[in-house]
Amino acid sequence: MDTIFAVSSGLLPSGVAVIRVSGPRVVDIVKTLCGCLPKARFMHHGDLIARDGSFLDSALTVFFPRPHSFTGEDCAEFHLHGGKAVVNRFLDELSTFTGCRLAEAGEFSRRAFIEGKIDLVQAEGLADLIEAETESQRRLAVMGANGHLTELYRHWRNKLMTARALIEAELDFSDEADVSNFSSDKVWQNMQELSDSLCEHIAEGERANILRDGIKVVIVGVPNSGKSSIINRLAGRPVAIVTEEEGTTRDALEVRLILGGLPVLVMDTAGFRETESKIEQLGIDIAKQHVLDADLVILVDDMKNPQKISLPNTSAEIWRVGNKLDICEGDKTRWPIQFSALNGLNFDYFLKEIESFCLHRIAEIGNIFPARKRQIQLLKEAVKEIDSSINYTFLDLSLRAEHLRRASDALGRITGDIDVEDLLDIIFSQFCIGK
């Protein structure tokens, strides 16, 4: 197997650059460049000297002997000065060692999986942790990376294996009084409870999609109600055209925010009105589709001239808010939330209300739930097989046990315990090179 290396510390230049090396030639590489093999897992400071005798850098080196390393192989980290020329020269030197090459994306993590240091759920959690932009996404990633999900899935898989063992015992020793008909009550009761637990877990995961994808807030209203001014103030910069001419917003504009540690996608849409313009009507149709997909719809009224608007039926929560508070002198009681997007009057309160809505949406999400669609898909497959085993009472007992085996295999594919070779390239290609 090749020895692989890569920069693990991010973009250059930087104060420090960490070069990770893993594979069978690590000991030889460290001895050659450092002039010694440092004590395992201790920082060693010294000059790094190339094989031609030239000075590379004054650096810190750490040696991690197998199997007590991230990959399970011999590993080393070289902490260099983070200049591009320094790092490139060092990488060139590493490439001169026979069987030593630059790592592919996610190859360190893939080797850790192969060596049994992590499972697929933990690998996906690591990838999500690296990509996390918000506190909620970080918490979601940690749940997978720290092994809690793996423990749960293996616990459920053990329940399935126990049920199959009891069924096999009934099939093989049906003449024994203490075995006969045992599975007809206890096993199926346990399997129904397991199916219920899986369904609840799946529902938690689908609700928790907002932690990864973000809460979708759609702003709608008639033309010139101030929707574009709202999106500009939320963005903190002009992203939408603001004029007195109606119909200037034709397509949906997106602004990504972080509120209360949650990702929030806010969309400005075309003003709702009757129009003969095909382009404008297309924008209105797009706006209606976004309303259907929204978590929160904010219907904006011009407080000086409120107008009726017809929205498509949606499961989203709908707020009617009043804009242009700074120039409204009439009755204001109809709007629980009112502000001026133009000068910011009361706008902080509006923003806080959106944040409260977002936090409320995740308040009922449990502590452990599937983090990826792949996991949810396999959990649903497991439920389908368990339910078939429970409900198909007309089948031979051995066939019902086969459904439980398929359910067990589905859970095993989540963690990578069985038959996942075709998934490895997809999962580990999502990592950065140094991971």
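Every residue, even glycine, has its Cβ placed from backbone N, Cα and C.
Counting every protein chain shown, the number of other Cβ atoms lying within 10 Å of the Cβ of R20 ((6S)-5-formyl-5,6,7,8-tetrahydrofolate binding site) is 24. Secondary structure from DSSP puts R20 ((6S)-5-formyl-5,6,7,8-tetrahydrofolate binding site) in a beta strand. Residues annotated as (6S)-5-formyl-5,6,7,8-tetrahydrofolate binding site in Swiss-Prot, with sequence analysis given as evidence: R20, E77, K117, K435.
According to Swiss-Prot, the domain 'TrmE-type G' annotation covers 214-359. According to DSSP, the secondary structure content of the domain 'TrmE-type G' (214-359) in residues is 41 helix, 37 strand, 68 coil.
Of all Cβ atoms in the protein chains displayed, 28 besides its own lie within 10 Å of the Cβ of A270 (GTP binding site). Annotated GTP binding site per Swiss-Prot: 224-229, 243-249, 268-271, in sequence order.
If you look up Swiss-Prot, you'll see S228, T249 marked as Mg(2+) binding site, on the strength of sequence analysis. Around S228 (Mg(2+) binding site), taking its Cβ as the centre, 24 other Cβ atoms fall within 10 Å, counting all chains.
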Residue among binding-site residues K117, K227 with least C-beta crowding, 10 angstrom cut-off: K117
N224 (GTP binding site), number of other Cβ atoms within 10 Å: 20
Long-range Cβ environment of E77 ((6S)-5-formyl-5,6,7,8-tetrahydrofolate binding site), under 8 Å and at least 6 residues apart: S8, V18, I19, R20, V21, T61, V62, F64
For the domain 'TrmE-type G' (214-359), the mean pLDDT of the predicted model: 83
N224 (GTP binding site) versus K117 ((6S)-5-formyl-5,6,7,8-tetrahydrofolate binding site) - Cα distance in angstrom: 58
